[in-house]
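Database features, via Swiss-Prot:
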type: BINDING; residues: Ser8, Lys40, Leu74, Arg88; note: substrate binding site
type: BINDING; residues: Ser8, Phe9, His16, Gly89, Leu90, Arg91, Glu99, Trp123, Ser124, Phe125, Val126, Ser127, Ser128, Thr129; note: ATP binding site
type: SITE; residues: His16; note: site 'Transition state stabilizer'
Amino acid sequence: MNAVFPGSFDPITSGHMDVLTRASRIFEHVTVTVMHNARKQGRHLFSLEERLEILREATAHLPNVSVDSFSGLLVDYMRQQQKGIIVRGLRAVSDYEYELQIAHLNRQIGEVETVFIMAATRWSFVSSTMVKEIASYGGDISEMVPRASAAALKRKFAQQYAAREAELSSAGERGAQQAAESKT
């Protein structure tokens with residue numbers, strides 16, 4: 001039996017990897033699907049292509065896992081791929097309440113079943129949002145994300161830091177020039 005593990009994966013975390021690894025032991029094949037929502041364009045740190053590349057690298061050691069993307073309703077993707085099971089990871093009871101509503105809706109409109117896998121307790125606090133916040137301040141995220149995500153975050157924030165530094169340096173030079181001009 002085959003399953004789909006959907007998400008935005010911006011980026012994939014150790015919690016995602018925990019759920020995915022366990023799902024790969026349960027199902028013959030798992031497709032990790034990056035759901036692309038055009039209305040959320042610009043809200044992600046990583047582009048769709050970057051997220052796909054990070055996922056491919058992070059899942060390379062799992063022979064029965066593939067990576068894909070889709071724009072639209074998940075149930076439409078499931079129909080197209082002829083897959084009937086969605087895997088969702090849960091961190092806390094609050095996740096369950098939301099995911100249960102979505103699971104019922106998916107079953108009603110798409111005849112798709114949802115299998116919930118609880119994330120290991122050590123990952124219950126980890127989210128992509130939290131990881132990005134910590135990484136943006138140079139914090140250690142090595143335990144919270146696979147190596148591919150950590151490297152991508154480091155590169156992304158180094159670029160942003162360099163751009164910020166250049167902007168501040170340019171602003172400082174303009175300020176010094178204006179100060180010198182005002183003295184004359």
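Even glycines carry a Cβ here, placed using N, Cα and C.
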Cβ-Cβ neighbours of His16 (ATP binding site) (radius 10 Å): 26
Length of the line joining the Cα atoms of Ser124 (ATP binding site) and Ser8 (substrate binding site), in Å: 18
Fewest Cβ neighbours within 10 Å, where candidates are the binding-site residues Ser8, Ser124, Ser128: Ser124
Candidate nearest Glu99 (ATP binding site) in space, where candidates are the binding-site residues Ser8, Leu74, Arg88 and distance is Cα-Cα: Arg88
Rounded inter-Cα distance in Å - Ser8 (substrate binding site), Leu90 (ATP binding site): 15
Three-state secondary structure, which DSSP defines for Val126 (ATP binding site): coil
Rounded inter-Cα distance in Å - His16 (ATP binding site), Arg88 (substrate binding site): 9
Most distant Cα pair in Å, residues Ser8, Phe9, His16, Gly89, Leu90, Arg91, Glu99, Trp123, Ser124, Phe125, Val126, Ser127, Ser128, Thr129 binding ATP: 18
Distance [Cα-Cα, Å, rounded] between Ser128 (ATP binding site) and Leu74 (substrate binding site): 21
Local backbone state of Leu90 (ATP binding site), from DSSP in three classes: strand
